[in-house]
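Per Swiss-Prot, Zn(2+) 1 binding site is recorded for His100, Glu102, and the stated evidence type is similarity to another entry. Under the heading Zn(2+) 2 binding site, Swiss-Prot lists His107, citing similarity to another entry as support. Marked as O-linked glycosylation site by Swiss-Prot on the basis of similarity to another entry: Ser162. Feature annotation from Swiss-Prot assigns N-acetylmethionine to Met1; the stated evidence is similarity to another entry. The deamidated glutamine annotation in Swiss-Prot covers Gln6, Gln50. Per Swiss-Prot, the feature phosphoserine maps to Ser45, Ser122; the stated evidence is similarity to another entry. Annotated N6-acetyllysine per Swiss-Prot: Lys70, Lys99, in sequence order, evidence recorded as similarity to another entry. For Asn101, Asn123, the entry in Swiss-Prot reads deamidated asparagine. What Swiss-Prot lists as region 'Required for complex formation with BFSP1 and BFSP2' is 1-63, and the listing cites similarity to another entry.
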Amino acid sequence: MDIAIQHPWFKRALGPFYPSRLFDQFFGEGLFEYDLLPFLSSTISPYYRQSLFRTVLDSGISEVRSDRDKFVIFLDVKHFSPEDLTVKVLEDFVEIHGKHNERQDDHGYISREFHRRYRLPSNVDQSALSCSLSADGMLTFSGPKIPSGVDAGHSERAIPVSREEKPSSAPSS
């Protein structure tokens, strides 16, 4: 078995072109050394590698599931309360907007805002859509699918966000 050994100077040749955490969903949670200078760490210490597991944990969760019977969106919004969230259905899209004003945390003052837009499948029953926020900050937007050939009814409407007292059963991958 041959193992190719790559010289450390070439390890991050495309470093500036790799995406960083700066534009991830939870960019407001703080920056790490590798976020600001991702290629510098490998230049100074060629054997230093950031933890891939840490990067996965830092990126948050946004998952869409569409099976035969229902359509579900899981979105990690742990920094927002139901009052900070707006969920609207506009024709074939669901728009989720979260915004909270400046508040104090461990590192000073911070304000956060995000806007997500997802396309709804054409066979989702828009009159039966629901949205809930679990105790651990997982927003679950769901709607049943209807048999093909039946009109799903497209209109603009707001979906209220209800609060659940139990943690989410969404995957934590």
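Cβ atoms are placed via backbone N, Cα and C, with glycine included.
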Over all shown protein chains, what is the count of other CB atoms within 10 A of the CB belonging to His107 (Zn(2+) 2 binding site)?
-> 9
Quick one: average pLDDT across the region 'Required for complex formation with BFSP1 and BFSP2' (1-63), no decimals.
-> 53
DSSP-derived structure type at Ser122 (phosphoserine), helix or strand or else coil = coil
Which of the recorded positions Lys70, Ser122, Ser162 has its Cα nearest to the Cα of Lys99 (N6-acetyllysine)?
-> Ser162
Consider the recorded positions Lys70, His100, Glu102, Ser162 and say which one has the Cα lying nearest the Cα of Ser122 (phosphoserine).
-> Lys70
Specify the nearest of the recorded positions His100, Asn101, Glu102, Ser162 to Lys70 (N6-acetyllysine), where nearness means the distance between Cα atoms.
-> Ser162
What's the CA-CA gap between His100 (Zn(2+) 1 binding site) and His107 (Zn(2+) 2 binding site) in angstrom, rounded?
-> 17
Where Asn101 (deamidated asparagine) and Ser162 (O-linked glycosylation site) are concerned, what is their Cα separation in Å, rounded?
-> 21
